[in-house]
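Enquirer: Structure below; questions to follow.
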Ligand SMILES: [Zn+2]
Ligand SMILES: [Zn+2]
């Protein structure tokens, strides 16, 4: 497993939306919150924060849904206008960042998650690796996840 050459590409199920990531993400981690379970249709989703300027839409069109969080903040969630695949979120409180759904990348070999958030709401059968960077809920800061991702990238290159 080694880091790819950037840009890398991803897209939706119907192939109408294609995007590229021109630089490595800031981290990859699993989110076990109830909304991610609903949006993914699975036990968790793989969140991949990126600098907004490093994501370019190459083709297709996206629609969005503004999801209010308990904190009162709004998260704008983008999906393919044709097939509805959830592609990325824009936390309106930090517009310089996008949180891409890592499973939409074409190649997942290098996107091994470095941690877990919202473990308190995980399905009881999910085993959390205690050696990863884990939080019961929303992390007060993503910095520990970013640092773990930097260490993993250095080990992979
Ligand atoms: Zn689509
Ligand atoms: Zn979540």
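For all residues, glycine too, the Cβ spot is worked out from N, Cα and C.
Below are the features I grabbed from TrEMBL:
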type: DOMAIN; residues: 8-111; note: domain 'CENP-V/GFA'
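Map these features onto the structure and tell me what's around them.
Expert: Here the domain 'CENP-V/GFA' (8-111) is broken down by DSSP into helix, strand and coil counts: 13 helix, 49 strand, 42 coil.
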Enquirer: In this predicted model, what is the average pLDDT of the domain 'CENP-V/GFA' (8-111)?
Expert: 94
